[in-house]
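Visitor: Got a structure here, written out as structure tokens. Questions coming.
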Amino acid sequence: MTADIIDGKAFAANLRAKVAAMVPAFREKAGRAPGLAVVLVGEDPASQVYVRNKHKTTVEAGMESFEHRLPADTTQDALTALVEQLNADPAVDGILVQLPLPKQIDESAVLATIDPDKDVDGFHVVNVGRLSTGMHGYVPCTPLGCVMLLKDRLGDLSGKDAVVIGRSNIVGKPMAQLLLAENCTVTVAHSRTAHLPEVVRRADIVVAAVGRPEMVKADWIKPGATVIDVGINRVPGAEPGKTKLVGDVDFAEAVEVAGAITPVPGGVGPMTIAVLLRNTLVAAHRLADVPYDEKAI
Ligand code: GUN
């Protein structure tokens, strides 16, 4: 049996359209558009692509996009000063500092400078704490996007066995917290987990976020399981000099065993920006004191 393909690209387009549809009413009530500030330090090529896409989709959703590009040798103090300026700017509802940052900058110190109520990435320790204690806050975009895809596919997730492979602060850990909040039984596995294939084989839901190309094989997957592949790995392509993107799951194999699976590209990837816009819309409502129905999106 071949798995259903979870179309994250279409889901994300729909989510962006829903966000865009709610912007005019916000503008009407608040007298301004929701605003997202994105800060890029240096010239990392992948980050440049992400930041360009964020700007484009923010504008397409009818929001204000404030882009700040700083040179690679920017000091900690200069970056902190910019973040503080954005914290104080009433036109800015969401602040995103693109990661990774150059080596001379202390990433956690910068993230700690962002106003938690503008932290649409959900990386500030206050939002990490809010998530782990079930309080309202901001949830990192990629894992929240994964949960949206899972609920769309499976409905209620209560009682499901979920295995998250990867323990990063951006995906693995918040993913585990979100699945726990959905009443899953959650195992966080990682590169040092003993008997990893056996552990993964128990799962109704597999979330692969380990950053190793095509690591998860078909015989790791319980037949019929739902597989969410967060990996984006660039590897040599079929032709010399060409590259291609693959996930952390061996898709060609896994598609024969899973019940449903996200492809790479076109699965989880497009969800991140769509959820970022959703988080910015929520932040704008909270900061402008305009009521927001959390069930809307
Ligand atoms: N770099 C890779 N993914 C992300 C993300 O979701 N947010 C930020 N700020 N940087 C990233």
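Glycine is treated like the rest: Cβ placed from N, Cα and C.
Remember, TrEMBL labels are computer predictions, not curated facts.
Straight out of TrEMBL:
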- 6-121: domain 'Tetrahydrofolate dehydrogenase/cyclohydrolase catalytic' (DOMAIN)
- 140-286: domain 'Tetrahydrofolate dehydrogenase/cyclohydrolase NAD(P)-binding' (DOMAIN)
- Gly166, Arg167, Ser168, Ile232: NADP(+) binding site (BINDING)
Visitor: Looking only at the domain 'Tetrahydrofolate dehydrogenase/cyclohydrolase catalytic' (6-121), what are its DSSP counts of helix, strand and coil residues?
Guide: 62 helix, 18 strand, 36 coil
Visitor: Across the whole of the domain 'Tetrahydrofolate dehydrogenase/cyclohydrolase catalytic' (6-121), what does the mean pLDDT come to? Round it, please.
Guide: 98
Visitor: Going by DSSP assignments with H, G and I as helix and E and B as strand, what are the residue counts for the domain 'Tetrahydrofolate dehydrogenase/cyclohydrolase NAD(P)-binding' (140-286)?
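Guide: The counts are 55 helix, 30 strand, 62 coil.
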Visitor: Express in Å, rounded to the nearest integer, the largest CA to CA distance found among the NADP(+)-binding residues Gly166, Arg167, Ser168, Ile232 named in the record.
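Guide: Per the listed residues, the maximum Cα distance equals 16 Å.
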Visitor: Per residue, counting other C-beta atoms within 10 angstroms of the C-beta, which of the binding-site residues Gly166, Arg167, Ser168, Ile232 reaches the highest number?
Guide: Gly166
